[in-house]
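Colleague: Sharing the feature lines straight out of Swiss-Prot:
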- ARG107: active site (ACT_SITE)
- GLU115: active site (ACT_SITE)
- ARG155: active site (ACT_SITE)
- ASP112: Ca(2+) binding site (BINDING)
- 58-216: domain 'TNase-like' (DOMAIN)
- 11-33: transmembrane segment (TRANSMEM)
Amino acid sequence: MPPIPSEPENISLIHPKVLLLSAGVTTSLFLSYKFYKRYVRRIRNYLDLTPEILDRQTPLYGRVTRVGDGDNFRFYHTPGGILFGWGWLRHVPTKRQELKDETLMVRLCGVDAPERAHWGKPAQPYSEEALAWLKNYIFGRNVVVTPYSIDQYKRLVGRAQVWKWTGKKDISAEMLRNGLGVVYEGKIGAEFGDNESWYRKLEARAKWLRRGLWSLGSSMTTPGEFKKVHYRGDS
């Protein structure tokens, strides 16, 4: 005679097995969401930068899509890089209309480049050289940005690094090393990370070697002084 099937076990919602399974599913969903937020979700523009990202200084990986000035650039966030398909499954847009509202404006920390001509104001010596150098150094390249803050112009102020044959390079440091900027002089919104002392040593060496704008000697004006005269009406 075939065995008589047993009655199905009635398990209540508070049974240890149910509670254990629920806890496991909940934990998995929570960890998946945290992983998505930190490593997968793309930061489209400054509105997506949460206080948590800035407080933790979460590194952001991406591509430089435009260089418009000597100390800032447009950055398209590519979370996870090549491991998450960027460059072979997912591609960075190149057309302006595709990039609209999809990039971060990054302001290099710790450095101030010579001012270009704006709104009828004159250009500062070495402003075009600084812009040309920065374009050649990072345009179209992948960089990593350590975010520090958002300034009054909705720019992300942070440390940007780019990979070269000789290793990872701090872009602010390289500008100072080549005399294409000075250590940032502003009192409001100044960000250096832990590198202010290093930046000042690089600036001092460039000045001693008369590199870039330091070759102007006594006629050299810092970007901060230049802006006071030409942009704030001070004489």
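Backbone N, Cα and C define each Cβ position, glycine as well.
Distances, neighbours, how buried they are, the whole picture for these features please.
Modeller: Neighbours of ARG107 (active site), defined as other CB atoms within 10 A of its CB across all chains, total 24. Secondary structure at ARG107 (active site), taken from DSSP and collapsed to helix, strand or coil, is strand.
Its Cβ taken as reference, GLU115 (active site) is surrounded by 24 other Cβ atoms within 10 Å in the chains shown. Under the DSSP three-state reduction, GLU115 (active site) is assigned to coil, being neither helix nor strand.
Taking a C-beta cut-off of under 8 Å and a sequence gap of six or more, ARG155 (active site) has these contacts in its own chain: TYR46, ASN72, MET105, VAL106, ARG107.
Listed in sequence order, ASP71, GLY181, VAL182, VAL183, TYR184, GLU185, GLY186, THR222, PRO223, GLY224 are the same-chain residues at least 6 apart in sequence whose CB falls under 8 Å from the CB of ASP112 (Ca(2+) binding site).
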Colleague: Taking every residue in the domain 'TNase-like' (58-216), what is their average pLDDT?
Modeller: 95
